[in-house]
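Visitor: Mind having a look at this structure? Questions to follow.
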Amino acid sequence: MVVFSKTAALVLGLSTAVSAAPAPTRKGFTINQIARPANKTRTVNLPGLYARSLAKFGGTVPQSVKEAASKGSAVTTPQNNDEEYLTPVTVGKSTLHLDFDTGSADLWVFSDELPSSEQTGHDLYTPSSSATKLSGYSWDISYGDGSSASGDVYRDTVTVGGVTTNKQAVEAASKISSEFVQDTANDGLLGLAFSSINTVQPKAQTTFFDTVKSQLDSPLFAVQLKHDAPGVYDFGYIDDSKYTGSITYTDADSSQGYWGFSTDGYSIGDGSSSSSGFSAIADTGTTLILLDDEIVSAYYEQVSGAQESYEAGGYVFSCSTDLPDFTVVIGDYKAVVPGKYINYAPVSTGSSTCYGGIQSNSGLGLSILGDVFLKSQYVVFNSEGPKLGFAAQA
C-alpha cells in the first residue's frame, strides 16, 4: 500500500505538468454527470439489476433471483436510489447520455439502425460523414436478467469533456431488448475497464480511455459518484478538493480485464475489523455491493427484521430501519459506506419493505464494490502500475 497526501499529489501533479509542457495537446478535464429530471418516473427491476451484475462477471444467478427478475418486481421512481449515473458524450454527430462503466470495455450506443419502435425516447447515434464501418465486425452482449444488445461497429469521432478522438470504435446497436428500450434516460454505455475484455469480434477494440490516455497529463481517471446527486469524472488529473485526508493506493489486478484489488478486511457498524480480506472489483457499472455469503449474513444479522426473501430475490428489511455502516479496510485506510446508502429502495411502489444495497455474490469468488460503495469515496483509476487509489469524499 502507498499513501499519497494532498501535498504529495500536488507536487507530483506539478512535476507532471512541467514535464508535459512541451506537448500542448496533453491535458486533463472534468466531465459532470447529468441528473434525471425530478419528475421523470420509470420502472426499476431490482432483482433484474442484481441478476445482471452477477452474470456480467460470470456468476451463477440463483433461481430465486431469476424468478423475481422475470416477475418484474419493480419500483417506479424519480431520479433517486442512484441506479445509474449518466454522462453526456458526443458520438459522431450526436450527443448521447451514457453510463460510464469501469466493469466493461465496450462503447455501445442506441443507433438509427434500430427498428423505429426501439428508438422512441432515446437520443440516437448517427454515423458522421467521416465514420468508417468496420466490415465483418460485430458485437453481441447478453446479461443475466435477459437483457441484450448487438449490432455493427464503426470507427468514428468521440468527444468526452475536453478530449476528442476520431478513431474510436463505436458499437452501434441494431437489435436491443426491451429492458434497455424502456430506460429512456440511458442511450448506451462507455466501458472503462481494460481493453482485453472488449467483446467486438473478430478483433477486440480499445476503450475510449485507452484510445485517448496519451493525450492526458497523466494516464488516469478519478471518480466521485454522489448520493442522490450527479457525480464527476476527472480525466488526466487528481482534484485534491474532492477528497479529505490522503489517497491510499493499492495494486490493481487487471488479469481478468477488470479493476480488481485485494482488501485487508472489513467491519460492520461499530464492531471490530475482521482481518479476513477479500478480492474485489471497483465497478461503476454495478449498482449494488456484492459480497461473500458469510459477510452478507454477518451484516444482516445486525439489521433488525432483515430476511432473505425468495420473492424479492434478495435481502430485505423495513424501510424505516436504521442500518449499520459497512467499512472496507484497504491498507491503513478505512472506506466507510454509510448505512443509509445501503437502504437502497422499496421493493415495489408504496411498499414499506426495502431492498438491501448489499447482496450475495452467489459464490462468484470476487466481491463487486458497485455504486453503493463508490459514492462514499474518491477513487483513482491509474493505468500506470496499474493501481487504484481510495480516499473519503470531501
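Using N, Cα and C of the backbone, Cβ positions are placed for all residues, glycine too.
Copying in the features that Swiss-Prot gives for the protein in this structure:
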ACT_SITE  Asp101  active site
DISULFID  Cys319-Cys354  disulfide bond
DOMAIN    85-391  domain 'Peptidase A1'
CARBOHYD  Ser129  O-linked glycosylation site
CARBOHYD  Ser304  O-linked glycosylation site
SIGNAL    1-20  signal peptide
Visitor: Out of Asp101, Ser129, Ser304, point to the one nearest Cys354 (disulfide bond) in space (Cα versus Cα); all of them are recorded positions in the record.
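Guide: Going through Asp101, Ser129, Ser304 one by one, the Cα closest to that of Cys354 (disulfide bond) is Ser304.
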Visitor: Would you pick out, from the glycosylation sites Ser129, Ser304, the residue whose Cβ has the largest number of other Cβ atoms within 10 Å?
Guide: Ser304
Visitor: Please state whether DSSP places Ser129 (O-linked glycosylation site) in a helix, a strand or coil.
Guide: coil
Visitor: What is the separation, in Å, between the Cα atoms of Ser129 (O-linked glycosylation site) and Cys319 (disulfide bond)?
Guide: 52
Visitor: If one measures from the C-alpha of Ser304 (O-linked glycosylation site) to the C-alpha of Asp101 (active site), what distance in angstrom results, rounded to a whole number?
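Guide: Cα-Cα, rounded: 34 Å.
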Visitor: How far is it from the residue listed as 'active site' to Cys319 (disulfide bond), counting Cα to Cα, in Å?
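Guide: Cα-Cα distance, the residue listed as 'active site' to Cys319 (disulfide bond): 29 Å.
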Visitor: Taking the Cβ of Cys319 (disulfide bond) as centre, how many other Cβ atoms lie within 10 Å?
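Guide: A 10 Å sphere around the Cβ of Cys319 (disulfide bond) contains 14 other Cβ atoms.
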Visitor: Would you pick out, from the recorded positions Asp101, Cys354, the residue whose Cβ has the largest number of other Cβ atoms within 10 Å?
Guide: Cys354
